[in-house]
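Have a look at the structure below before the remarks.
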Amino acid sequence: MSSLFVEGMPLKSANESCLPASVKQRRTGDLRRLNHHRQPAFVRGICRRKLSGVSRIELRTGGLTLPRAVLNPVSPPVTTTKKRVFTFGKGNSEGNKDMKSLLGGKGANLAEMASIGLSVPPGLTISTEACEEYQQNGKKLPPGLWDEILEGLQYVQKEMSASLGDPSKALLLSVRSGAAISMPGMMDTVLNLGLNDEVVDGLAAKSGARFAYDSYRRFLDMFGNVVMGIPHSLFDEKLEQMKAEKGIHLDTDLTAADLKDLAEQYKNVYVEAKGEKFPTDPKKQLELAVNAVFDSWDSPRANKYRSINQITGLKGTAVNIQCMVFGNMGNTSGTGVLFTRNPSTGEKKLYGEFLVNAQGEDVVAGIRTPEDLVTMETCMPEAYRELVENCVILERHYKDMMDIEFTVQENRLWMLQCRTGKRTGKGAVRIAVDMVNEGLIDTRTAIKRVETQHLDQLLHPQFENPSAYKSHVVATGLPASPGAAVGQVVFSAEDAETWHAQGKSAILVRTETSPEDVGGMHAAAGILTARGGMTSHAAVVARGWGKCCVSGCADIRVNDDMKVFTIGDRVIKEGDWLSLNGSTGEVILGKQLLAPPAMSNDLETFMSWADQARRLKVMANADTPNDALTARNNGAQGIGLCRTEHMFFASDERIKAVRKMIMAVTPEQRKAALDLLLPYQRSDFEGIFRAMDGLPVTIRLLDPPLHEFLPEGDLEHIVNELTADTGMSKDEIYSRIEKLSEVNPMLGFRGCRLGISYPELTEMQVRAIFQAAVSMNNQGVTVIPEIMVPLVGTPQELRHQIGVIRGVAANVFAEMGLTLEYKVGTMIEIPRAALIADEIAKEAEFFSFGTNDLTQMTFGYSRDDVGKFLPIYLSQGILQHDPFEVLDQKGVGQLIKMATEKGRAANPNLKVGICGEHGGEPSSVAFFDGVGLDYVSCSPFRVPIARLAAAQVVV
């Protein structure tokens, strides 16, 4: 018999986990009768029903006997939005897992766990719609909501046979936030609500003074910080001062008398900090706590987190009110957090942490560094066995890896929360592949399970040679989020953001992170903390972003004021270089070399499923043979954009030849300079054709304005350098620069306008393309060249350039004795071209939308100057996204849709794609698939992301 606590009342209950399977199976026959004759569902630190075995039947898997939940009837989703409070308790729920938008992720999953018979503390969930009404009502509870909350509270009190504020049979509550999308640590939680001087005395009489006053001082601290806005540090100072006076290091070493005295000191903090006393009325406490959770939805840290993670369209947060269970009732109690599989690697093994004699926030907040879950198996074997069983049940029910919070009170297990677990890219891919192999999910579900950001993480670098830095390892913490990070040390979130804005790589070093640090955590290359476990705030947030993190590094001492941290006698100061290995927890002095990651077998398997599912082809933007090889290795199906101008910067000889061409006055001078460039271009094209053997290569003719090839600096410096490069006199240079100067070069002398004005420029580039194509074909390479004319705004421009291209092609084929098939098309990047796409399509064999310039010209935003006002537009909600990163579907997107439809109407064989960086942005890819484009083209490193995004559109 284990002693359990029912809100101030110690109870005894049998441990059903010890019952023989035959007894449990017989009890299932009583299910219907018991459902009509329910006993109180004692929860969260309260005992289960004596016959709780009825909620399970045995499932034999090989030699292992595992329990399986029997699904009790679940209430269908509520169709009216008028209901704002939903109750739940073991075997009964007014909600379910499909109601996340209304109940939040936490509330929906609590309802679901209760419905399938797991031991969940009874409670109630206030809907996200109520939060929205609260915000619209001037941050006041909307009419009638408080009465609905009290009605829900009556249900909980009846289930518990306890009352809020009754010292003899007190009901204590937790009040937690829970949005539809998980936002770890961003919103607020209050535990042990309902305590005051009278209630704590009653609690002490029944459950022990130390436990009672430990709960009280925790509540005073948390309520003061979350609800009253009192800095946590003011309470922490009192705690640390008392521990110093007593000569102890751990909170658990404080006596009952110490904790009672500490509670009095905490109450004084209210008066000192706020000028008002701690509110003793439990219902007033509850009302204030609900308000605080609703307020936390609109807090700066929550807003920043949603902005960083592009979370939009949510109504607000739900509020979950549950009766408390206690992990701080001694050495037979504890609390923990676990994942049903390793979230970093995906390994099928429980991954979590456990703290004996502690409450849940101690683990999540990183206040104490917890121990491995194995500790629980050793000291609480029965509770651990049931926990393992519950993990199996939940994975089979949700068909996903789950993140679970639990408490053990006097050897009794209570499930406090479950949600889909956040995972790294590596973990996501392995979990998806393993679950397909296990028969839990199909490949289409697996494709939806891996986010495009997960693949982005897998493309991040690792250390080039881990063995080379071993002598520089100065400390080892917990490997909280894998990958490698190299940067300069900073000690505040603000500094991390500042350094990032300056183009510097920063490592954020903190004693422990808090939700206020999210901006700096996002800006930093990596995160190092002295405290906190694998499920601390820093670890969870970093893993969600694929950010390298080492947590709980007990060897370091952080001094924020001095901007240094120490490891023994070694001092590391702000600006020093540091490297982190988030996969091993190693902290390494200096700037270590990084190397790109290699694709794993799991990733190759997963990407093959994505490729089978998608319709849209994925090409790459690549300008060099190395870029082309990288693109092919990442799964590109061709080159959608090869920018010839980038080749000109590859060497001093090339750029000097380009400058001679620009400075040329006569066609003869210009041709002489171009003849110098031709072998360079031909060599580069040969390398690209070789790398893309058998795949199409789309080469764009010269596009940028000529000034981009001139030296930087003041006019005198430019003239001196051009004089040296070209051999012309200064007067000639000055005269030529004056003639070439433009007020707005991005709308001036560039693109096809260059090729029309200087046909010899187009001739040189096309000659280099076809000479390279024939040469490679003669070497056994299958070459599929496509030539793209940029910045076309009229069909006449395209017709002119096609004439030049076909003339040169005929000459080269005649000279080299071989004819190859090729295509000629154009970029659609001027709004006028989109409007008359039907006319242009009569000349072109393919369209490629240049969404960078099309966005620039449609909005009238200069890409070079948009940084001056775009942050203001985004912060004020004038724009929801940077249109150069996320396609403007209502404006630019409609031009693309119209041009595609008109172009294909005029030329049914027209191939249509997109080659701006939008080609690698998932929501943009979904749009391109929807309007029927044939392909997208993006940077080589974003090719896997585009492949997955294209697959997710159709599954």
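Placed from the backbone N, Cα and C atoms, the Cβ positions cover glycine too.
Look at Swiss-Prot and you will find 1-71 tagged as transit peptide.
What Swiss-Prot records for T535 is phosphothreonine.
Residues annotated as active site, tele-phosphohistidine intermediate in Swiss-Prot: H537. Summarising the environment of H537 (active site, tele-phosphohistidine intermediate), the number of other Cβ atoms within 10 Å of its Cβ, over all protein chains shown, is 23.
In this view, R700 (substrate binding site) is surrounded by 26 other Cβ atoms within 10 Å of its Cβ, with every protein chain counted. Annotation comment: Swiss-Prot describes R643, R700, E829, G850, T851, N852, D853 as substrate binding site, evidence class similarity to another entry.
Residues or ranges marked as Mg(2+) binding site in Swiss-Prot (evidence: similarity to another entry): E829, D853. With a 10 A radius on its CB, E829 (substrate binding site) counts 26 other CB atoms from all the protein chains.
Within the same chain, the residues at least 6 positions away from C915 (active site, proton donor) whose Cβ sits under 8 Å from its Cβ are M619, N621, G640, L641, T698, M827, S848, F849, G850, T851, S937, listed in sequence order. What Swiss-Prot records for C915 is active site, proton donor, and it gives similarity to another entry as the kind of evidence.
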**Q.** D853 (substrate binding site) to H537 (active site, tele-phosphohistidine intermediate) - Cα separation in whole Å
**A.** 41
**Q.** Neighbourhood of R643 (substrate binding site) by C-beta distance under 8 A, where only residues 6 or more apart in the same chain count
**A.** N621, D623, R700, D703
Q: State the Cα to Cα distance, in Å, between N852 (substrate binding site) and H537 (active site, tele-phosphohistidine intermediate), rounded to an integer.
A: 38
Q.
I want the residues beyond R643, R700, E829, G850, T851, N852, D853 whose C-beta is within 8 angstroms of the mean position of the substrate site's C-beta atoms, in chain order.
A. L641, D703, P790, M827, S848, F849, L854, C915, G916
Q: With substrate as the bound species and R643, R700, E829, G850, T851, N852, D853 as its recorded binding residues, calculate the greatest Cα-Cα distance and give it in Å as a whole number.
A: 15
Q. If you measure E829 (substrate binding site) to H537 (active site, tele-phosphohistidine intermediate) at Cα, how many Å is it?
A. 45
Q. T851, N852: which of these binding-site residues has the highest Cβ count within 10 Å of its own Cβ?
A. T851
Q: Measure from the Cβ of D853 (substrate binding site) and count the other Cβ atoms within 10 Å, all protein chains considered.
A: 23
